[in-house]
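Features as listed in TrEMBL:
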BINDING   T302, R333, E355, N455  L-serine binding site
BINDING   R333, A334, E335, V348, H349, H350, F351, E422, I423, S424, S425  ATP binding site
DOMAIN    198-482  domain 'Aminoacyl-transfer RNA synthetases class-II family profile'
SITE      T457  site 'Important for serine binding'
Amino acid sequence: MATCIGMVVRVGTLNVLKPVSRHFKRQGTKVFTHSRSTHEVRSSLYEHVREGYSDKPDLDMRLVCEETDKVIANVETRKGDLRGADVREIVYVWQQLEAVRKEISHLEKQKKVISHRVRALVVIAPYFVQIPEFKEATKEGREIRHRLSQLYPRESELEEEHYGRALRLPNTTHPDVPIGDESQARVVELVGQKPEFDFKPRGHLEIGEELGLIRQRRLAHVSGHRSYYLRGVGARLQSALQNFALETLQQRVCKIPFTLPPYLCLPLSYIQEGCGMQPHAHRSQVYSLDPACFPDLNLAGTGEVGIAGYFMDHAVNWKDLPVRSVCSSTCYRAETDTGRETWGLYRVHHFNKVEMFGVTADETGEESSQMLEEFLSLQKEIFSSLELHYRVLDMPTQELGRPAHRKYDIEAWMPGRDSYGEISSGSNCTDYQSRRLNILYEGEDGSLHYAHTVNATACAIPRTIIAILETHQTKEGTVLVPPALQPFLGLEVIEKPKYIPLKYIGPNQPNRMPRPVPKPR
């Protein structure tokens, strides 16, 4: 019987038991000329492995070496700085590493043979030091040890360079994924009808300020740009959406919610890198803590990272597959590389999100695709229950990021913006993350196999609030609460509060009120 939470995973002896890989017939590999750049390529994940905390990532280099042109074509269609020449360099470094490992293996076998020969001579010959065979064996042994003393450092050097480069490769791409940028996204489905108004619809920030739900003005001195307060019914609306999403998922497939403790909002860089993210490359999207106090510690931009870290170096029992987990967490994104959406809740530094994360087997190759479709149906159920008009998009290659094999986005119609806006996404990452983070499953015969991972947003709170306020606004300035959400919010209509709003009395304002007169003591 499938389980619904990662709590059932069993710690495997991963340093002893190695996963069973599918065996492929070796074909001739093309040898590339060396054109390595001199710059260092750092990998936090490899540094973590080198310290002995985890097994080495088991990247599928067979595919890269035997189908190099296909891999290059895939890289060229993705967004990022990786190019065909980089793929050839990855192959070249890997071939060097394999050659060194092969020579080390051969010499280690020779060393054992010579050791046995020397021991035999010591036993049968009292004056073995004068025997020519002994002198020849010891000389050969010294030469082998000297050669190994050169090869082992070389192996370490090549291995570090290999992972520094090869971990940058993206996942394979589903054949049905459109090629190109976001303009090539394919509309899979339109759900619901656009709301019609007999008045000009207002934006969510105007509605939220009028109803006392949102405050975003004059907060630079509190927490900087793109920060916000949810107040009164606005705060209750966040909790209502979160609880509504969690209960919907619990009733369908996830019987027990998986909540990340606050500390797991601070993943180390190697977990983010293992998930296919780039904590060192795109600093504009990542909040990093002071490296002098917290080396490589960042704020997570999605709950997916924390859950993936939970499954890292663990094996799920065959009987418990597929695992469907759901978590609620606070996410942090710097959002400093764009001047878009400078006001409102659409693009903010921190927000709450309910995230689904799945772990599947890889027996037929279709298990993770089926889970992505299952997660998509759950997303649609949530947004349809909120009576939103939205569309499902099959995202093109340049929008997949590194880890996704296929990705669906859901965009809701936002009347105040007069456009669709992304409110959710879901990705099938196949074995991309599991090979990097050692997420495995135990087969019926006890053997270990690499799992597939799938993630999807059930409800990103601020953007869902945008869609609800703008879709369900009325001419009178109120907002009608969707029936499915009413039990969680305790209201049918969001009305203007009866309290008097705070009055700004700070500097930089016309007709500023005089400061208080000191009271006599």
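Glycine too: its Cβ is placed from the backbone N, Cα and C atoms.
Because TrEMBL annotations are produced automatically, they should be read as predictions rather than curated entries.
S425 (ATP binding site) and R333 (L-serine binding site) are 16 Å apart (CA-CA, integer value). T457 (site 'Important for serine binding') has its Cα within 10 Å of the Cα of these binding-site residues: E355, S425, taken from H349, F351, E355, S425. Looking only at Cα atoms, E355 (L-serine binding site) sits nearest to S425 among the binding-site residues H349, I423, S425.
Using a 10 Å radius centred on the Cβ of T302 (L-serine binding site) and all shown protein chains, the other Cβ atoms total 22. The two recorded residues F351 (ATP binding site) and T302 (L-serine binding site) have their Cα atoms spaced 10 Å from each other.
In this structure, the C-alpha atom of S425 (ATP binding site) lies 8 angstrom from that of N455 (L-serine binding site). Taking only the Cα positions, the spacing between H349 (ATP binding site) and T302 (L-serine binding site) is 12 angstrom. In the predicted model, residues of the domain 'Aminoacyl-transfer RNA synthetases class-II family profile' (198-482) average a pLDDT of 89. Max Cα-Cα distance over the annotated L-serine binders (T302, R333, E355, N455) is 18 Å. With the fewest other C-beta atoms within 10 Å around its C-beta, S425 stands out among the recorded positions S425, N455, T457.
On the backbone, the CA of N455 (L-serine binding site) and the CA of I423 (ATP binding site) stand 15 Å apart.
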